[in-house]
Amino acid sequence: MSIRHAPIILLRNCKSLNPFSLYKITHNIITHNTHIHLPFAIAPIHQSNEPTLVVTLRMLNRLCKSGETKAALLMLKDLEKNDTFKANVTHYNIIINTLCKERRVNEAVEVYGEMMAKGVVPDVWTYNVLIKGLCGLRLLDEGRGLFGEMVEKGVAPNVVTFNILVHSFCKDGKVGEARDWFDLMWEFGCVADVVSYNILVNGYCKVKRVDEALSLFVMMSEKKVVPDIVTYTTLINGLCQVGRVEDALTRFGEIRGCGLVPDVIAYSTLIDFLFKNGKFDEAVALVKTMEEGNVVPNIDLYNILIDGMCKAGKVDVGEDIFRKLPASGLKPGFYTYNILINGYCKNKMITEALSLLKEMCVKRISPTIVTYNTLINGLCHVGRLKDALLLFDDIHKRDLVPTVVTFSTLIDSLFKHEKFDEALGLLRTMEGVGLVPNIVLWNILIDGMCKSGKVDVGHEIFRGLSSRGLRPNIRTYNVMMNGLFKNGKLTDANQLLQEMMIAGCMPDAYTFNIIIQGFLRWNETTMAVQFLRRMLDAGFSADIHTSINLVNLLATKELDSDSKEVLKTFFQHTIDTTVT
DNA sequence: CTAGGGTTAG
């Protein structure tokens with residue numbers, strides 16, 4: 001037997017080897033026996049007479065699919081070296097795609113450079129994959145740049161190219177630009193398909209512009225693009241998000257009439273929404289309908305069910321579903337554990353939550369940082385700050401990295417325990433490891449500052465937000481307003497209210513309660529009553545503190561008849577809603 | 001032999 005035939009015999013006998021081992025062996029033989037050509041060595045793996053091109057493509061693809069990127073890269077290098085067999089654009093595409101999926105976009109771009117240096121001309125697939133990879137890292141400008149480059153090089157974009165771009169801009173919250181890309185495709189001879197519409201419909205829904213989503217739905221029928229189950233699920237989700245449940249249910253009912261069948265995700269969307277809005281019975285009824293329709297629940301639906309049970313205070317039912325998963329051939333992963341742990345925490349059953357953490361470790365399911373964040377939050381919530389800090393120390397031992405959420409939770413709790421110095425110390429630690437506070441943490445900090453008697457520092461932080469590229473949200477305004485009122489800075493508080501309205505941030509129930517209590521505290525009865533009226537008009541109700549203050553007001557103060565009238569309406573309204 | 005869309009936890 002000549003050395004030339006060695007690989008053939010070797011590989012014929014090792015069908016059970018995985019692609020990596022096969023290629024490793026092939027690769028080793030080739031590197032040590034330079035006279036053997038790569039295709040010659042690989043072909044026998046498949047014991048077929050297929051053309052070498054197809055064989056090598058399959059080989060590469062199998063390596064990538066089984067997570068053996070290293071071996072795949074090795075193989076590509078060999079293909080590049082080979083002079084009797086030239087690497088084809090698809091070889092490169094497979095590699096570039098894999099690297100992009102692994103978020104190794106830098107390397108993908110390098111391979112792109114290499115292929116051009118080798119004179120291999122990139123095609124539309126190459127660009128689509130790279131644009132998607134870049135946009136996935138939120139490098140939208142680079143993605144846009146690559147689009148320009150492909151056009152310049154004469155590679156025509158297709159509908160997929162535009163879908164990737166529309167989707168990327170939607171994900172970044174830039175629906176306007178997404179719409180521009182959507183409209184642009186016709187100028188390149190492309191026509192939007194059902195996927196294009198679904199992406200944009202979802203984009204509009206995610207920023208709560210549901211009416212524009214609905215008008216796209218109309219546009220679809222004008223353009224004779226038939227909606228599919230994804231279109232319906234997207235719309236239903238959007239309608240739910242803006243509280244239009246009735247419309248959502250109507251759409252759900254339309255599905256079958258279009259010759260479509262609701263799938264698990266369609267059901268999941270509605271079921272989850274029903275649970276989140278306290279419509280427990282309706283949610284359970286829909287699960288039954290689903291099962292009767294022979295739609296098989298998957299792990300995601302079970303996660304939603306477990307979460308829903310926990311949110312309804314029925315953790316034991318949640319645990320029951322959890323324990324019965326293996327019977328349905330499903331095994332809970334860290335995600336499911338996190339949900340159940342969260343359920344126990346929200347129901348203040350910390351012992352059970354902690355024992356689930358132990359169980360994960362025993363079953364070799366690695367907890368994630370979310371697991372720890374959930375437990376730390378749960379411990380803080382029941383006042384066990386010390387234990388929360390102990391758990392915080394465990395994070396490093398598990399090779400996990402704390403996130404801004406981890407720090408925020410602890411800092412918030414430290415502030416609530418009036419441990420101001422420790423809170424600020426932890427903030428410094430956080431910044432020391434290169435984490436940047438987000439708006440949620442700034443809200444906590446502003447609140448903490450105000451409550452430790454440093455309103456001015458809080459106000460300063462607030463003023464500095466825009467220079468950090470952050471926009472105050474409703475909570476930011478609320479904590480700031482609360483701080484200003486509590487410290488008697490009524491003028492500033494008033495000004496802040498104007499500011500938030502101009503910024504398009506509408507006061508919510510919290511805002512009104514803060515304002516009313518704030519004015520009452522400083523005996524500004526007229527203002528308080530004025531805002532009470534505005535609150536009632538806006539459809540919000542008073543919280544318990546505000547209500548008590550208003551009762552006291554009625555009992556102790558001389559009031560003009562107008563004010564009395566407002567208070568009367570308020571109490572009547574409260575009684576009505578309490579009785580029903 | 002490669003590219004695009006809908007649901008869930010802190």
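Cβ atoms are placed via backbone N, Cα and C, with glycine included.
All annotation found in TrEMBL is predicted automatically rather than curated by experts.
Feature annotation from TrEMBL assigns repeat 'PPR' to A:123-157, A:158-192, A:193-227, A:228-262, A:263-297, A:298-332, A:333-367, A:368-402, A:403-437, A:438-472, A:473-507, A:508-542 (among others).
Sequence-distant neighbours of the repeat 'PPR' (A:473-507) (same chain, 6+ residues past either end, Cβ-Cβ under 8 Å): 439-440, 442-443, 446-447, 449-451, 455, 458-459, 462, 465, 514-515, 517-519, 521-522, 524, 538. Beyond its flanks by at least six residues, the repeat 'PPR' (A:438-472) meets 404-405, 407-408, 411-412, 415, 418, 420, 423, 427, 479-480, 482-484, 486-487, 489, 492, 500, 503, 505 of its own chain at Cβ-Cβ distances under 8 Å.
Under DSSP, the residues of the repeat 'PPR' (A:508-542) split into helix, strand and coil as follows: 26 helix, 0 strand, 9 coil. With a threshold of 8 Å between CB atoms, the same-chain residues lying at least 6 positions outside the repeat 'PPR' (A:298-332) that come near it are 264-265, 267-268, 271-272, 274-276, 278, 280, 283, 287, 339-340, 342-344, 346-347, 349, 352, 365. Across the residues of the repeat 'PPR' (A:508-542), the predicted structure has a mean pLDDT of 90. Secondary structure of the repeat 'PPR' (A:263-297) per DSSP (helix as H, G, I; strand as E, B; remaining residues coil): 26 helix, 0 strand, 9 coil.
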